[in-house]
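Q: Dropping a structure here in structure tokens format, bear with me for questions.
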Amino acid sequence: SPSSPTVFPLVSCESPLSDENLVAMGCLARDFLPSSISFSWNYQNKSEVNQGVRTFPTLRMGEKYAATSQVFLPPKSVLEGSDEYLVCKVHHGNTNKDLRVPIPVVTEMNPNVSVFVPSRDAFSGPAPRKSRLFCEASNFSPKQITVSWLRDGKPVKSGFTTEPVTPEDRGSGPRTYKVISTLTITESDWLNLSVYTCRVDHRGLTFWKNVSSTCAASPSTDIQAFPIPPSFVGIFLNKSATLTCLVTNLATYDTLNISWSSRSGEPLETKTKLTESHPNGTFSAIGEANVCVEDWDSGKEFVCTVTHRDLPSPQKKFISKPREMNKTPPAVYQQPLAREQLILRESATVTCLVKGFSPADIFVQWLQRGQPLSQDKYVTSAPMREPQAPHLYFTHSVLTVTEEEWNSGETYTCVVGHEALPHMVTERTVDRSTGKPTLYNVSLIMSDAGGTCY
């Protein structure tokens, strides 16, 4: 005789639940007769789930039948959606049954936020001298997070870059993540007591960390280590990748040891540099090691190990080049000086606009007749997000030369280096007579003293 099905929910057995893989949910119907049965899925708001649904063939179990239906949800739907369950709708003959299948929950962990305060001698370069603030959010889950900066309570819209979120190496237990954001600041703003705020938004909560040269918001006294990836400028000019490990909040340099190694344990030659004291009475140090560009680009993982008598155990920080990084080469446009400048017989200004690139790390240099110009001749802005394409960046570099140099027919070349370019470099050259971009040999600016891989 006909028998209606008994319906059971099926949920993922994966523990801890990952926020990177598809989340599986299912519905089991058993002990029904005859064998004809169908399934459908609805969201909590009753709209139909029309993707990721898979229904398996009916199986005979003794004198009756069983069948299952499975649905795969993208992690974003689980992490950012408001649904607490899906509805499995079972249709068998004249019988319809609805079953609520709870959506698994990813373990939520709030981020730990810390900001590194630069030392007095950390500012360098032509006026205005600059340094960087580092904001690290660590030990958080799930992965979705936003980091932004404020200066004196007002949002900072440019001059900072945020690295891709990376998983932490915790072994067992819930998967956690970390992210580092870097803000470029000027020495004058820092000494004028500007208050900088790192704002971290995660799962509807906001976390703040304020810093200034007065240390109004006292930083943590715990020793902190920050692994800093190689810059493209260093790779482009020196043909080697420099790993940097920044150690902060040191009460003393005594017993400090910073060492780099590969994930397999192979030690790397590490040079340690010490800094002067910070306004809050602590010290900082950095440990640098050069590795082959090929090893870095391949995604090989490296470890910074810090030991100090104030640490209960060695502190290890892992770093590797993100593999999921979106790479887009830049478009380069050179704009000659305006006619109004020539009429006024002022100094000549040439602009190089670099657009639509990713990642944000980029190198811009100016040449005169193929020779590098001094950095005090030009100013390059920090990469900023494209207004209409926030996953891409743009920057511009402004070169100023004398009217005599421009009128003499000197050629000026804007050289742009970026890892997504076919040969990592492109250039545009302009002069008074042509005003049109031409090619120039840029090999003179590249160092031959880089590291060699064996």
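Glycine too: its Cβ is placed from the backbone N, Cα and C atoms.
The structure displayed is predicted, hence computed values, not measured ones.
In case it's useful when we look at the structure, here is the feature table from Swiss-Prot:
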- Asn45: N-linked glycosylation site (CARBOHYD)
- 106-218: region 'CH2' (REGION)
- Asn112: N-linked glycosylation site (CARBOHYD)
- Asn192: N-linked glycosylation site (CARBOHYD)
- Asn210: N-linked glycosylation site (CARBOHYD)
- 219-324: region 'CH3' (REGION)
- Asn238: N-linked glycosylation site (CARBOHYD)
- Asn257: N-linked glycosylation site (CARBOHYD)
- Asn280: N-linked glycosylation site (CARBOHYD)
- 325-454: region 'CH4' (REGION)
- Asn441: N-linked glycosylation site (CARBOHYD)
Q: Which of the listed glycosylation sites (Asn112, Asn192, Asn210, Asn257) has the least company, meaning the fewest other Cβ atoms within 10 Å of its Cβ?
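A: If we count Cβ atoms within 10 Å for the glycosylation sites Asn112, Asn192, Asn210, Asn257, the smallest count is at Asn192.
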Q: Summarise the model confidence on the region 'CH2' (106-218) as a single mean pLDDT, whole number.
A: 84
Q: Tell me which of the glycosylation sites Asn45, Asn238, Asn257 ends up closest to Asn112 (N-linked glycosylation site) in space, Cα to Cα.
A: Asn257
Q: Give the distance between the Cα atoms of Asn210 (N-linked glycosylation site) and Asn238 (N-linked glycosylation site), rounded to the nearest whole Å.
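A: Answer for this pair: 36 Å between alpha carbons.
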Q: So if I draw a 10 Å sphere around the Cβ of Asn238 (N-linked glycosylation site), how many other Cβ atoms end up inside it?
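A: A 10 Å sphere around the Cβ of Asn238 (N-linked glycosylation site) contains 18 other Cβ atoms.
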Q: Return one of helix, strand or coil for Asn238 (N-linked glycosylation site), based on DSSP.
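A: Once the DSSP labels are grouped into three classes, Asn238 (N-linked glycosylation site) ends up as helix.
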Q: How would DSSP class Asn45 (N-linked glycosylation site) in three states?
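A: Going by the DSSP assignment, Asn45 (N-linked glycosylation site) belongs to neither helix nor strand, so it counts as coil.
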Q: Once the chains shown are all counted, how many other Cβ atoms turn up within 10 Å of the Cβ of Asn45 (N-linked glycosylation site)?
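A: For Asn45 (N-linked glycosylation site), the 10 Å Cβ neighbour count is 7.
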Q: Once the DSSP letters are reduced so that anything not helix or strand counts as coil, what is Asn192 (N-linked glycosylation site)?
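A: Reduced to three states, the DSSP call for Asn192 (N-linked glycosylation site) is coil.
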